[in-house]
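Structure first, commentary second.
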Amino acid sequence: MLNSLDLEGRPQDTRVVVAMSGGVDSSTTAALLKAEGYDVVGITLQLYDHGEAIHRKGACCAGQDIHDARTVAERIGIPHYVLDYESRFRESVIDSFATSYATGETPVPCIECNRSIKFRDLLSTARELGAAVLATGHYVSSRRLPDGSRALVCAADADRDQSYFLFATTREQLDFLRFPLGDMTKPQTRELARSFGLSVADKHDSQDICFVPSGRYSDVVGRLKPNAMEPGDIVDLDGRVLGKHHGIVHFTVGQRRGLGIASHAPLYVLRLEPSTRRVVVGPRAALRMDRILLRDVNWIGDNSLDLAVGDGLEMFVRVRSTRRPQPAWLRAIDGEYQVELIAGEDGVSPGQACVFYDAPEGQARVLGGGFIKSAAPRAANKDARGAAAANRPLAAGVRG
């Protein structure tokens, strides 16, 4: 008979390691599993210690959060361990985050943290402790497939779904992971936390970029990659200089505010050129992309990636965490993988993830994904160039 974690055996005979960040989600996960009778062990990773960030609302895995996780563990009566992963986190997440921004990308550090730290190192530690599974407080689900392996599926609460950040999870990792909150809403989680008497029941949610003390990511990038703060030109699609900026790190594709340029029509950041330090801007129409070239593709669908793609695989893709999946085709071209967006997308930014799904809504299955290497517009976007010609600047400014 299978228990609530889809495992053979009684809960009391099943050890579960819970990744406890100190927030309400992971704390409720630990309390819920303990209440169901599992042998629960809590582990918190100390990922950074940046002074101001320790007490900042929305920080994660710093001093106050470690204290909160320990308090919850004592409340529910489970052993709790803190592992120092600052060095690993700095190398795998913070350094790569800064490098990505310096090369004109807009990275998603949570994906790298899950891939390199939580679902690799912590998973190994859980196995060493004799755990049957590692449970987390992510809003996502998994289900058993006919062959006994597991599929990653979206959370029941679409507004809280975190599947975008977990696309890089491997099949082996999925078999060992469990997500008890996948069928809950956030209000239900908080209510459950209150019923367990957890002090974190009303604690603020953590921020995506948890390691940025001031909330200004450019401070972190500027310290690690000073060249990203070097000034350069803001130009239109024809290369005409419209203004100056103080570092490409201050910009991302699709950005409209803070350009420091007055024009007859709104201008948007279309691309960043780190080699020339140019920020290319233009009309919204020029943001529309329909082809995306991917790197570091991870496949967790059926069969192998090459076999699944064949001459082309119809699917749905999400190019930013806040957007709904859109219809697309995945193709293998000259040894690389390319996504063709049927309706196109605005603001497709290199460094972001393009995540694959088998359906546009509901508890769709996650098929994998990759990081956006580059994007191309429809037919060179001649119409957008025409619109750009009409946007004669009224004054040039400096982006600070």
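Every residue, even glycine, has its Cβ placed from backbone N, Cα and C.
Some features that Swiss-Prot has for this protein:
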BINDING   ALA19, MET20, SER21, GLY22, GLY23, VAL24, ASP25, SER26, LEU45, GLY137  ATP binding site
ACT_SITE  CYS113  active site, nucleophile
DISULFID  CYS113-CYS210  disulfide bond
SITE      HIS138  site 'Interaction with tRNA'
ACT_SITE  CYS210  active site, cysteine persulfide intermediate
SITE      GLN352  site 'Interaction with tRNA'
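Annotated features taken from Swiss-Prot, shown on the structure.
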{"residue": "ALA19", "record": "ATP binding site", "Cβ neighbours (10 Å)": "25"}
{"residue": "SER21", "record": "ATP binding site", "Cβ neighbours (10 Å)": "24"}
{"residue": "GLY23", "record": "ATP binding site", "Cβ neighbours (10 Å)": "22"}
{"residue": "ASP25", "record": "ATP binding site", "Cβ neighbours (10 Å)": "25"}
{"residue": "LEU45", "record": "ATP binding site", "Cβ neighbours (10 Å)": "26"}
{"residue": "CYS113", "record": "active site, nucleophile", "Cβ neighbours (10 Å)": "25"}
{"residue": "HIS138", "record": "site 'Interaction with tRNA'", "Cβ neighbours (10 Å)": "24"}
{"residue": "CYS210", "record": "disulfide bond", "Cβ neighbours (10 Å)": "23"}
{"residue": "GLN352", "record": "site 'Interaction with tRNA'", "Cβ neighbours (10 Å)": "24"}
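Annotated pair CYS210 (disulfide bond) and GLY23 (ATP binding site), C-alpha to C-alpha distance, rounded: 12 Å.
Secondary structure from DSSP puts the residue listed as 'active site, nucleophile' in a helix. LEU45 (ATP binding site) sits 16 Å from HIS138 (site 'Interaction with tRNA'), taking the CA atoms of both as reference points.
Cα of HIS138 (site 'Interaction with tRNA') to Cα of GLY23 (ATP binding site): a distance of 11 Å.
In this structure, the C-alpha atom of GLY23 (ATP binding site) lies 17 angstrom from that of CYS113 (active site, nucleophile). A strand conformation is recorded for ALA19 (ATP binding site) in the three-state DSSP classification.
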